[in-house]
Amino acid sequence: MAGRVKWVTDIEKSVLINNFEKRGWVQVTENEDWNFYWMSVQTIRNVFSVETGYRLSDDQIVNHFPNHYELTRKDLMVKNIKRYRKELEKEGSPLAEKDENGKYLYLDFVPVTYMLPADYNLFVEEFRKSPSSTWIMKPCGKAQGKGIFLINKLSQIKKWSRDSKTSSFVSQSTKEAYVISLYINNPLLIGGRKFDLRLYVLVSTYRPLRCYMYKLGFCRFCTVKYTPSTSELDNMFVHLTNVAIQKHGEDYNHIHGGKWTVNNLRLYLESTRGREVTSKLFDEIHWIIVQSLKAVAPVMNNDKHCFECYGYDIIIDDKLKPWLIEVNASPSLTSSTANDRILKYNLINDTLNIAVPNGEIPDCKWNKSPPKEVLGNYEILYDEELAQGDGAERELRSRPGQPVGPRTGRSRDSGRNVLTTWK
């Protein structure tokens, strides 16, 4: 068995196990010597905890960064993006330019968001500026649409506060932290239904930042036609695209799973909105993903034993502006349809080809820069070393004349060096 990768996983999914077995890798237990561990976020917390005192050797790699939650917890993601904006502002970067109303021209890509209970007073102040607005509340550490609800009255928050057995939002209680975000109430609709994008982004290293976009993302549609009517605020089949919720709807389609490929979306938008604005939209999606990664890179523990495949959730509004909603550390590997199973099998296959070159025993000291021919359906989204090597002022894109962000960017390598674009 010498020379064969020994693998462990605590996530029993066929798309994972079939990929390991296809490579002739050998399954072992976590108590034996292993080279590759595809683990849950709970396990990664234990592996890297001070109490455990576990040290990974050079021939071991895992699929999460130790403090991935700086990006994948809703509250910390927003906190880091806000800090990133302030730092760019302090530097005088053109990226931090604002309009006459004080809104960021280029960095306004997450909905207005507050942390509860900490930011309750700030939220109330903002709410009173637009009392007819709708807000969406989400628990910071949950996924699959659990614990989410919409509100359009302060009294609803106060009632929730009482129901949560907390005496006051102003006091720091031990209750579960929530974020409350301005709800995008003008989403782009197709067939009258709301949808979002699930995009896969692989990060092999944060310093230098090197990330890849998977070309086979998809759209997730709601089963019930969208209405901003306040009478439907409680109907999650109208508002939340999560498959975990939509699959319980009467109109859920088990054949296509309420999903479209990103390529189908692109074709639809090119035919209804035009090729130029569609290209601009996808450039902007690239832009906000790179900026979100740049925002967390300084605080991320760039452990050489780690890589991570994130699930990015993006909503497009009716003006074709993309919004970053959240980033998932463990995007679902459950297959809801036959096409879903093929997509996720190929996603894992391509991820492993990049993370474990040639399927050989890992060496965490390698430069994490695989040859282009092994990328499969991934394409380089951003490579900090290449960007710096070519000069921070140069825009590396295959479609000239379509800048994203300020044209005069000179500070802090703006992150506009998108190496490839959606095909």
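Just so it is clear, glycine is given a Cβ too, placed from its N, Cα and C backbone atoms.
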Starting from the L-glutamate binding annotation in Swiss-Prot that includes K259, K344, which of R220, R273, R275 is the extra site residue?
R220
Out of the binding-site residues R220, K259, D313, N328, give me the one sitting nearest to I184 (ATP binding site) by CA distance.
D313
N328 (Mg(2+) 2 binding site), number of other Cβ atoms within 10 Å:
18
Hey, how far is N328 (Mg(2+) 2 binding site) from F195 (ATP binding site), Cα to Cα, in Å?
17
Separation of alpha carbons, D313 (Mg(2+) 1 binding site) and K259 (L-glutamate binding site) (Å):
14
DSSP three-state assignment (helix, strand or coil) for K344 (L-glutamate binding site):
helix
For D313 (Mg(2+) 1 binding site) and R220 (L-glutamate binding site), determine the Cα separation and express it in whole Å.
10
Within 10 angstroms of the C-beta of I184 (ATP binding site), what count of other C-beta atoms is obtained when all protein chains are considered?
19
